[in-house]
Amino acid sequence: MEEKLRKKKEEEEEMWAEYLEQRKKQRAKEEEELRKLKERQARRKAQRAEQEAKLMEYKKKQEEQRIKEMEEKKAREAEAKRKRLEEAERKRQAMQAAKEKREQEPVKPNFVITKREGEEMPGSALGGSGFDKFANIMYARGEMGKTKEQMEEDKKAILSFRIKPLEIEGLTVEQLREKAKQLWEKIVTLESEKYDLEERQKRQDYDLKELAERQRQINRSKALKKGLDPEALQGKHPPKIQVASKYERRTDRRTFTDKRDLFSGGLEAMTDAELEKQWEERMLSFKESSRQGLPKWDPENPKNKQVSRARHVDEEEEEEIEAPVSSRRRRKRKKRRKKRKKTRRKRKRRKKKRRRRRKRRRNKGSPQNESSHLSQDIAPRPSTKPLQQVRQEWKKRTRRSDCRAPEDSLAATRALCRRTINIPHI
């Protein structure tokens, strides 16, 4: 027993030593991996710092380049703006000079009028040259009649007049500064005028849009009040008067005047005219019928005596017959009630008669009782009743049924007919 325990203990110690050895190896391996991981992390950190430094330097260069490009763009825009202003000023000055020159020079026609002897010019009577009245028209015609080469020459002349040299040769520094200051003030003035004009144009455009929208809303409300399409009053012309519905099937052959009269209340006028016409016709017929006059009354005449007696009798009868409407209604109601009671009594009598007949048939063994057993095997027996009487009895039996006779009742009828006419069963 002790030997077994000792062996077991030795085995456990060996196993423990082996486990410790494996644990040491595993730990050394883990430490090596951890060291490599830390080294890799340090290298990655250094690389990241280097990359961030390069990125910051690249961003800085990009920002500097962007700022430089923006400054260059602003300078170019300012230069282009200055050139545009100078060009506009030169054009304005050239136009002003050309206008002054045109006003100073006399107007020359582009055609020749040969004056005949003894004739005078149109304006000579008033002491004029005859061309003062039509000077503008002649000048416009002369401008329109110019060729392309002449237009180019005029353009060059205007540009040469507008584009003035700066004349800064021989100027001192102070004079140059003064010249630059004058030019700058001129540019500022022109820019301010340009800005004011642009703002004025924007405001006027907004006012025009607002007024147009107001007018559109007013026209829309007017159209809706009149029962028209909302966009009917938006056009240049007023809308057409719709005197008929567009959904009508048949084409209206009436003229526009008739339709307009009907649309503006002509139907009422037509009905009034028709009623007036009927009234006049009836009045005329009444007057014509009453022109004959009444016959003279003679009470001693035997005919008049008979008429008076008959009239007296009729009046008495009418007094007896005439009654208030309420009493007439009561009488009518009483008559209706009596009628209903009579019909009810008749129905009750008919029902009683039918019941009695059925009881008699049952008691006597009528075909009605026997027909329920005819579907079974019953031998036919002779009967003294004729066929017509059997049919009448069967009709009386089935008179109140509203549906068709079933197949078994049909078979029973056939069997009954065979019995009555002494036909053997097939």
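Yeah, the Cβs are placed from backbone N, Cα and C, and that goes for glycine too.
Taken from TrEMBL, the feature compositional bias 'Basic and acidic residues' applies to 24-40 (among others). Sorting the compositional bias 'Basic and acidic residues' (24-40) by DSSP state (H, G, I as helix; E, B as strand; all else coil) yields 17 helix, 0 strand, 0 coil.
For 66-106 (among others), the entry in TrEMBL reads compositional bias 'Basic and acidic residues'.
If you look up TrEMBL, you'll see 246-262 (among others) marked as compositional bias 'Basic and acidic residues'. For the compositional bias 'Basic and acidic residues' (246-262), the DSSP-based tally of helix, strand and coil residues reads 7 helix, 0 strand, 10 coil.
Under the heading compositional bias 'Basic residues', TrEMBL lists 327-364.
As annotated by TrEMBL, compositional bias 'Polar residues' applies to 365-375.
Marked as compositional bias 'Basic and acidic residues' by TrEMBL: 392-407 (among others).
Annotation source TrEMBL lists region 'Disordered' at 24-53 (among others).
If you look up TrEMBL, you'll see 66-131 (among others) marked as region 'Disordered'.
Positions annotated as region 'Disordered' by TrEMBL: 217-264 (among others). DSSP places the residues of the region 'Disordered' (217-264) in helix, strand and coil in these numbers: 18 helix, 0 strand, 30 coil.
Per TrEMBL, the feature region 'Disordered' maps to 284-414 (among others).
Residues 139, 157-159, 161-164, 186-187, 190-191 of the same chain lie 6 or more positions beyond the ends of the compositional bias 'Basic and acidic residues' (66-106) yet place their CB under 8 Å from a CB of it. Helix, strand and coil counts from DSSP across the compositional bias 'Basic residues' (327-364) read 38 helix, 0 strand, 0 coil. Helix, strand and coil residue tallies for the compositional bias 'Basic and acidic residues' (66-106), in that order: 39 helix, 0 strand, 2 coil [DSSP].
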